[in-house]
Amino acid sequence: MKKEEDLESPLLSDGEPAPADTKGCAYALVCALLASLTSIIYGYNRGVMSGAQKFVQADLGVTDGQLEVLIGATSVYSLVGSLAAGWTCDRAGRRRAVALAAAMFLAGSAATAAANGYAALMAGQLVAGVACGFGLVVAPVYIAEIAPASSRGFLSSIPEIAGNSGILLSYIADFALADLPTTLNWRLMIGIGAVPPLFLAAAAVLAMPETPRWLVLHGRHDEARRVLARTAGDADRRLREIAASVREASKGGAGGEGVWRELLLRPTPAVRRVMLAILGLQVFQQACGVAAMVLYAPRVFSHVGITSDRAVLGATVLLGAAKTVAIVVPLFLTDRLGRRPMLLASAAGMAASLLVLGLSVRAPPAAASYSWWAAATCVAAAAAFMATFSLGFGPVISMYGSEILPLRLRAQGTGIGTAINRVMSAVVGMTFISMYEAVGMAGTFYIFAAFSAAAWVFVYACLPETKGRSLEEMEALFDAGANKPSPRATLS
């Protein structure tokens, strides 16, 4: 059989990936888009409560305290899902995990939309939250393993773009349905989220292949070769590389218990550095306060004098649009500039915009002139924050985490990182109202700005560049004894 041009090769002498084969890239792109439906559904479920919460409170009599618990608990539930997703990915496969996530999204959205009280809301969000945890894990893992090194940065950014698109669609749905009767509008807002999982489940069952690395890990080499023949120019060479990586992993005895032991109890220096990088990035991603803006932006805008429901929801749509449009930038620049420069620029932009946002909400809108200035500055700064977040700390973190984990630890390690992310998201979601009541809205955003500045320091000091390296080379890159470029050098 005639071999096509190599889609990827090990790290070349000049540090650049090999030219990509067009057919292979197209097939990998289709697979990535199908997997990213999970992220669209996750984003919709995450953002829809931002506009629906006011109507839920009016219809079902939910208090602010109950609302904080409801929204924050969804992140706690997704923690359970993210941990279960790693185990499911390893045992059942990446493709079946996508199908399971779709089924849970369908059930969770339908149950929440039909709720007639607070307990029923919590039950529906329990199922949807577990599905969100699955969605956060399975799409990045699937794409990292199906994508060639030459386009992994491009393809691995798609789930984040899809997630932001889902958030934007939820904001648009909130805006479009806000004028319907209160007993109906929020149910439609949430219930629409039950439609896309039907298509995702069908795609996972009928169209998506299993990843070659999972197939090799389970001894199904012929199937892995068939998949690689559609995504890699030299399928036999890539199969040998993956098989060698699996054999190396098996020497460490990394079974189910062995994975957890190597990740948490007795990690090698390289694995310790990998986990430090992953956990640190996940903590800082949420500590900057992005969940507060996604979930509570209408409250922030109301604080500066925007009183019309449609104006508040329209401004929220603007935030979603800024976040989604900006996410396209790393899609094209991450493989060219590298991961570190994108993360550093993102952290700096977030810190600056959060400081401006804090200034804009520092005092109550006592006068009409102040109200106009504060409202305009607040919306602009919030949009700038969302945009700069999307430049790096949105898409690059999941990409970076998925590609630096060794194959034997990838699913479980990604699950741990996502679990920490969900814990931090829950903390922000469950404390934002209480926090701004205690220290003021401005003080809350100053705290988020301080965390963003700390994130910049963490990236600069702790993260090596991974651009152009194959997945099988990452452990050597993080080995404490390996020769690594200095942080300053990787900025060039």
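Just so you know, glycine gets a Cβ as well, placed from its N, Cα and C.
Heads up, TrEMBL stuff is auto-annotated, nobody curated it.
TrEMBL has this to say about the protein:
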TRANSMEM  26-44  transmembrane segment
DOMAIN    31-467  domain 'Major facilitator superfamily (MFS) profile'
TRANSMEM  97-120  transmembrane segment
TRANSMEM  126-149  transmembrane segment
TRANSMEM  184-207  transmembrane segment
TRANSMEM  274-296  transmembrane segment
TRANSMEM  311-333  transmembrane segment
TRANSMEM  342-361  transmembrane segment
TRANSMEM  373-398  transmembrane segment
TRANSMEM  419-439  transmembrane segment
TRANSMEM  445-463  transmembrane segment
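The transmembrane segment (445-463) makes no contact with the transmembrane segment (184-207), as judged by fewer than three Cβ pairs under 8 Å among residues 6 or more apart in sequence. Count of Cβ pairs under 8 Å against the transmembrane segment (419-439): among 97-120, 126-149, 184-207, 373-398, the largest is for 126-149. Long-range Cβ contacts of the transmembrane segment (342-361) within its own chain (Cβ-Cβ under 8 Å, at least 6 residues beyond either end) map to 281, 284, 288-289, 300, 303-304, 330, 333-334, 374, 377-378, 381-382, 384-385, 387-394, 396-397, 400, 441-446, 448-450, 452-453, 455-456, 459-460, 463, 491.
Put simply, of 97-120, 126-149, 184-207, 274-296, 373-398, the stretch with the most CB pairs closer than 8 A to the transmembrane segment (26-44) is 126-149. Confidence annotation: the domain 'Major facilitator superfamily (MFS) profile' (31-467) carries a mean pLDDT of 86 in the model. Where the transmembrane segment (184-207) meets the stretches 97-120, 126-149, 373-398, the count of C-beta pairs under 8 angstroms peaks at 97-120.
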